[in-house]
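Worksheet for the structure shown next.
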């Protein structure tokens, strides 16, 4: 052989050796199949195959429904779509959703479509007309076993309560304004009645009892206080009438105006101890125009004369103890009248306001013909009145009756047979005569 042939053989032998030396530093690779392995339904590939197992069971809450090499998928949550669970999920089956929850509506047969609230539903929606009577689809398959022998978990039977009670809300919204309007209307009517003079009260007025109607006693004459005296009852009965109160106010105003005129045009008078009594004149320090005792001097007229009708009357004993001496103011233009009627003989003045005078007559037993007389006469006579001229030779009682003049009417009370009489009172007001 030639030398060239030997060189070619030597080159062919060195080529595999050089390739071997090049591949020796690389790590040895394990043989792998061309396609990955597949796991059965209910299992997923094991990420750690060191235990000798290539697949593992799906964890709770997940499932795998076919042969594949993917991990298990979580179960579907029906509550997110406001639906009820018709069948609970297993390792090989997903959760099956049923009808919509109470208060929600949605298309039937499409479990993965979310439900809508009934407040947005049309009037003829089938799911919202029934209140609380909503069936659950797939309840019959909630129990038992599956086709492959695995036990089925019972479905969730709870229902979401309806948060919207539209009927009750509408009723409350309608009732509250009605009550408010009724209250405002009642207040308005009460104010209108008060302006017209009526009295609005929330309590029922107690009327006369059925049994007390036949007593024949006028309720106006029934005293509220058992200790109230006769003068108090008389004054209360007079002042209860609006007409009498207005008349007394007019008399007081007229009396005050006359006093102001007299004091403004006349000098300070000088007191005469022997003159008869004039009820219009106020001696200031010793008068009983009011029932509070002696009054202090305040200007031309005492402060007690400026007051209106008193509230409490003076007792007859105090009035008798503090009766002032009669006085008279002389005037240059007009002489004092001789016909001015002083108090009757034996009378004790109780109250004197203007021309209104209340006096007390003590009991008199000297005469058997007349026991007592009650009259209402004028406190101050007119210009044309004549002085009293009682006839001589008559008893004192008849003189008292005849002393008032012929123009006034007298009523005589026949004597009571063997009956003790109590103190009587005389009320004199203006120019009218009246017997009580």
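Every residue, even glycine, has its Cβ placed from backbone N, Cα and C.
Among the features that Swiss-Prot reports, compositional bias 'Basic and acidic residues' is placed at 130-139. Swiss-Prot lists 58-72, 78-97 with the feature disulfide bond. What Swiss-Prot lists as N-linked glycosylation site is 156. If you look up Swiss-Prot, you'll see 230 marked as phosphothreonine. Residues or ranges marked as repeat 'TNFR-Cys' in Swiss-Prot: 57-97. Residues or ranges marked as topological domain 'Extracellular' by Swiss-Prot: 32-169. The topological domain 'Cytoplasmic' feature in Swiss-Prot is assigned to 191-436; the stated evidence is sequence analysis.
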Calculate the distance in Å between the alpha carbons (Cα) of residue 230 (phosphothreonine) and residue 97 (disulfide bond), and round it to a whole number.
98
Counting by DSSP secondary structure, give me helix, strand and coil numbers for the repeat 'TNFR-Cys' (57-97).
4 helix, 13 strand, 24 coil
Just how many other Cβ atoms lie inside 10 Å of the Cβ on residue 97 (disulfide bond)?
25
Taking the Cβ of residue 78 (disulfide bond) as the centre, count every other Cβ atom within 10 Å, in any protein chain shown.
23
The predicted model's mean pLDDT over the topological domain 'Extracellular' (32-169) is 71
Quick one: pull the CA-CA distance for residue 78 (disulfide bond) versus residue 72 (disulfide bond), whole Å only.
19
Distance [Cα-Cα, Å, rounded] between residue 72 (disulfide bond) and residue 97 (disulfide bond)
20
Taking the Cβ of residue 72 (disulfide bond) as the centre, how many other Cβ atoms fall within a 10 Å radius?
22
